[in-house]
Ligand SMILES: *Cc1c(COP(=O)(O)O)cnc(C)c1O
């Protein structure tokens, strides 16, 4: 592959990052220091001070759980901010391109448009796996990022490890593996290969398995060099104090998180079995995540029928390879039972 520096935009190479006074003195920090540098209100209320711009305690907890070095971690206001930082650091507007593999997560394409970057779409195969020759044929010298979502949204399956490894070896730019659903997956995270591939970037999030979509915390794992570049361009206080506190609490409750994941997977498997009895369900796709994609007779009709009964799911029928598909998130036991009752009712009317 190319060196990381060859991939970075010129304006980013020469950028001088914003520095707060507290950044400069953090190495000599003494507990009873008086902070009169940032024009904060001095009266304590828990959030009167600016948050730690490097989120050291949260990163330490993550580093420990994921068995990586904290220097390989960058945190964002959701994965969406992490993905946007990658575009802004590596993709030159009106010149560079990215490769995406539809049907997949919609944000890659939205961020490409927002950053004036061409999105070269290479469809997955009909069994939702990356088509290596077609991907490599779409690549040129300006292809900076390849987005690989595994387990994939909305299909729910994981990509073959062999295919991903081939892409890591053959693609000259950054390979971003979006592991938003990795904690539900039978496959291992690619974190174990972080030191092996300098072009590997992994994103994860607290929004799904960790049950914290409301606090907005996305995680980027990459080489120290890539993390340093992203750190230079991120807004200094991008993770607020309340988010850092909540994230830390949740990360420390490893048993609680594991129990919820187990419960969701067990519910998912029961849901997949129950769906077989619904007459208009034509196909139930294998899921490695906390949702199930199904093919039905008429997705829009079934979607509207569910809405009328107060159940909101996702109609994916307009996505490539997803004609007449619906995506169902696994809910609580009670919610899933209600869903199945309504589906059963609809199928008999
Ligand atoms: C839900 C989801 C995310 C999470 O995004 P956040 O901004 O962290 O909430 C990322 N990628 C995929 C594929 C998702 O489905």
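From the backbone N, Cα and C atoms, a Cβ is placed for every residue, glycine too.
Where the annotation comes from TrEMBL, it is an automatic prediction and has not been curated.
What TrEMBL records for 45-342 is domain 'Aminotransferase class I/classII large'. Per-residue confidence over the domain 'Aminotransferase class I/classII large' (45-342) averages 98 (mean pLDDT, predicted model).
Look at TrEMBL and you will find 208 tagged as N6-(pyridoxal phosphate)lysine. Residue 208 (N6-(pyridoxal phosphate)lysine) carries neither a helix nor a strand DSSP state and counts as coil.
Of all the Cβ atoms in the protein chains shown, 23 others lie within 10 Å of the Cβ of residue 208 (N6-(pyridoxal phosphate)lysine).
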